[in-house]
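Asker: Sharing the record's features from TrEMBL:
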type     : residues                               : note
DOMAIN   : 34-388                                 : domain 'Orn/DAP/Arg decarboxylase 2 C-terminal'
MOD_RES  : LYS66                                  : N6-(pyridoxal phosphate)lysine
BINDING  : ARG293, ARG330, TYR334, GLU362, TYR390 : substrate binding site
ACT_SITE : CYS361                                 : active site, proton donor
Amino acid sequence: MYNYGTACINKEGHLEVGGIDVVSLAEHYGTPLYIYDVALIRQRARGFKNTFEQLGVTAQVAYASKAFAAIGMMQLANQEGLSLDVVSGGELYTAMKAGFPAERIHFHGNNKSREELVMALEHRIGCIVVDNFYELELLESICKEKSEKVNILLRVTPGIEAHTHDYILTGQEDSKFGFDLNNGQAEEALKRAMDMTGVEVLGLHCHIGSQIFETTGFKLAADKIIQKLSEWKNRFQFESKVLNLGGGFGIRYTEEDEPLEPAKYVEEIIKEVQKKTDEHNLAMPEIWIEPGRSLVGDAGITLYSIGSEKFVPEVRKYLAIDGGMNDNIRPALYNAKYEAILANRANDPVEETVSIAGKCCESGDMLIWDLPLPKASHNDLLAVFCTGAYGYSMANNYNRIPRPPVVFVENSQAELVIRRESYDDLVKLDLPLNVTVKQ
Ligand SMILES: *Cc1c(COP(=O)(O)O)cnc(C)c1O
């Protein structure tokens, strides 16, 4: 069962997080409700940072904000001394509103618009991760117009694709992201960028996938990149100051998942980079990483109220909750699995197996199939674990269902960081129809 951070069962048999009984959170904020265990996010952030420090490696740990992008979350990342990845003008805008130091912001994406690049330059963000030739030329032309120079990383695809348990080695990776390292594109990009006056190449970036449970893929990617860097040093006197190895460190959603300790990934990867750079006589670059899920995923819990039920004789019992694919689209999108308990009767013995349905008009809106639970009915509370990453950030208003609020809990204090959407919020962009029907 879920056993992370400050979560525990209290004397009343209720789930408690950050020193607060979640039943009282439900009474105060209503359901559905996203709850984040702030102490656990801090612990994860410090785990990554301390590992770099212990190994004496200069580093940046950038929170991939797409996992959960909100002003309060970015401020928390800043408190912990993290850097920040953004992938759109909207995430960058949120970061600026959060007062996040621009020099520690990195901008990703495979199709950044001119407006987004101009915005990034105006805010003087730390670096732009250039994805393709179109962007490289566009950025150079904007920098020339403005007589500016910006730091960039070149995103390369080393031909390793990680799929949770296994990874695929492809000669030429079929991915929409980045410059291919194997077919000469990356080298061409480097040569062009080195001739440009508006960009300064700090180094290379790669991101091989998400929810990865082992370090083999990361190490292979690092090996391939370092091999190339060695060639480029000899041929172009290019030295990479930074090597960004992306994010993708896996977390444990259910008992089937067996990730490493987050910091353990870093340790093994760094050691490999140290070994390979030594072998090739290269200076050890700064290592940047970009965890998203592994910083916030298991710190998030979604609390729902149970409502209706339906019994299909000899098949199954459905229990419906007051949320679903609106606030957690991952089961519908990727068949993602979650664990859950009754938050108000957490010590009660398991009595039956039920399936948890969302409230959207969509048969695919099923949150959990075949969940062992005590006999539950309306007004019981269901807590679904590990919903901190790609939950709120992928939330939507399908069926015009308002998005739930987000509350941070720490040291017995609760703080609302996103309020519940209202019906007025839902219609605020709508404009009344002006055309009339000609009779
Ligand atoms: C999504 C993404 C990340 C974060 O991935 P997680 O699996 O959440 O750790 C990091 N870097 C890049 C470039 C990404 O696209």
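Don't overthink the numbers, they just go from 1 along the chain as shown.
Every residue gets a Cβ built from N, Cα and C, even glycine.
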Asker: Out of ARG330, TYR334, CYS361, GLU362, TYR390, which recorded positions lie by ligand 1, with a C-beta less than 6 Å from some atom of it?
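Answerer: Qualifying residues: none.
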Asker: Averaged over the domain 'Orn/DAP/Arg decarboxylase 2 C-terminal' (34-388), what pLDDT does the predicted model reach?
Answerer: 95
Asker: Whose Cβ, among the recorded positions LYS66, ARG293, has more other Cβ atoms within 10 Å than any of the rest?
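Answerer: Sorting the candidates by Cβ neighbours within 10 Å, the top entry is ARG293.
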Asker: Hey, how far is LYS66 (N6-(pyridoxal phosphate)lysine) from ARG330 (substrate binding site), Cα to Cα, in Å?
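Answerer: Cα to Cα, LYS66 (N6-(pyridoxal phosphate)lysine) and ARG330 (substrate binding site) are separated by 14 Å.
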Asker: At the level of the C-alpha atoms, what whole-angstrom distance separates CYS361 (active site, proton donor) and TYR390 (substrate binding site)?
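Answerer: Given the Cα positions, CYS361 (active site, proton donor) is 22 Å from TYR390 (substrate binding site).
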Asker: Which residues does TYR334 (substrate binding site) neighbour through Cβ under 8 Å, counting only same-chain ones at least six apart?
Answerer: none
Asker: Looking only at ARG330, CYS361, GLU362, TYR390, the recorded positions on record, which one has the least crowded Cβ, with the fewest other Cβ atoms within 10 Å?
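Answerer: Counting other Cβ atoms within 10 Å of each of the recorded positions ARG330, CYS361, GLU362, TYR390 gives the minimum at CYS361.
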Asker: Which of the three DSSP-derived classes (helix, strand, coil) applies to CYS361 (active site, proton donor)?
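Answerer: Once the DSSP labels are grouped into three classes, CYS361 (active site, proton donor) ends up as coil.
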Asker: Given that the record lists ARG293, ARG330, TYR334, GLU362, TYR390 as binding substrate, what is the largest C-alpha to C-alpha distance among them, in Å?
Answerer: 27
